[in-house]
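Enquirer: For reference, the structure I am asking about is given below.
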Amino acid sequence: MTTTELILDQLESWYETLITNLPSMAVALIVLIVTYFISKWVSRGVQKLIQHKVNQVSVRKLIGKVAAAVVIVGGLFIALNVLDLNETVQAIIAGAGVSGLVIGLALQGTLSNTLSGVHLSFRKMVSVGDWVETNGYEGEIISIDLNKFIMREADNNTVIIPNKLIMENPMKNYGLTKTMRVIVHCGVGYESDLDHVREVAKQAILDNFDQIKSKDDVEFYYREFGDSSINFMLRFYYDIENGLQKLINTSEAIIVIKKAFDREGINIPFPIRTLQFDNQLQMQNVPEQQS
């Protein structure tokens, strides 16, 4: 048999196989097409279902794509079974398992950040717009992406922290209560009437902060006998949305207390050091040298 005849016989064999399997191939193709449209519907449905629980659009899209991928993989396996390619299916599953293990080990850090980002998006205790303190930084959350946590500090610096560190370290979220404590530390001279100082400071806060309804809302405590002053701490709660407003209210409290002390003649002393010598210093004039 010549080479040409061998080629023709092989082509004829392939043609017969194609004709025989044509119905199965048509069914497999229909399965893949239907699977594609179902995956699109599932993706949109999942994103709509979780939109009230997950604030980040990027995370919702990721979850929708994962759901769509699961549907497509299922449809692919069904199509392969229709074509009677069970051995191929088993090989794909085995290869996917080994490949998944290798890729998982290689991208361990990246996958950890991504999974942490998904977890953060489901947590109701943390959301965009909250003022938080974590990993040594304090600021407003402006974004929670798949692999990073972005916040803006009061001085407008942008801080980017890997999601893994956010999950592993404590976080103080000021946005959960919308109420912060304003604290002012100060000191007055030893000659001051301490009862009068307390009343003047409390009254200054009461007169200038509209949310303070009585002096009982203002806490005042003397803390120590300092080197040059008797030191106290004044504090009160105020409705504040972020750390910047806390700084503004703290600054305003310092201003009104200083003005009130000035009106009442209450002294806020400078640090003083008294030098005492056991032997009196002898002062003498040094004659000018002739040039």
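Heads up, the Cβ atoms here are built off N, Cα and C, so glycines get one too.
Feature list, courtesy of TrEMBL:
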type	residues	note
TRANSMEM	22-42	transmembrane segment
TRANSMEM	62-83	transmembrane segment
TRANSMEM	89-107	transmembrane segment
DOMAIN	110-174	domain 'Mechanosensitive ion channel MscS'
DOMAIN	184-268	domain 'Mechanosensitive ion channel MscS C-terminal'
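Can you walk me through where each of these features ends up in the structure?
Expert: Nonlocal intrachain contacts for the transmembrane segment (22-42), taken as residues 6+ away from its ends with a CB within less than 8 angstroms of a stretch CB, comprise 64, 67-69, 71-72, 74-76, 78-80, 82-84.
Across the domain 'Mechanosensitive ion channel MscS C-terminal' (184-268), DSSP classifies residues as 40 helix, 22 strand, 23 coil.
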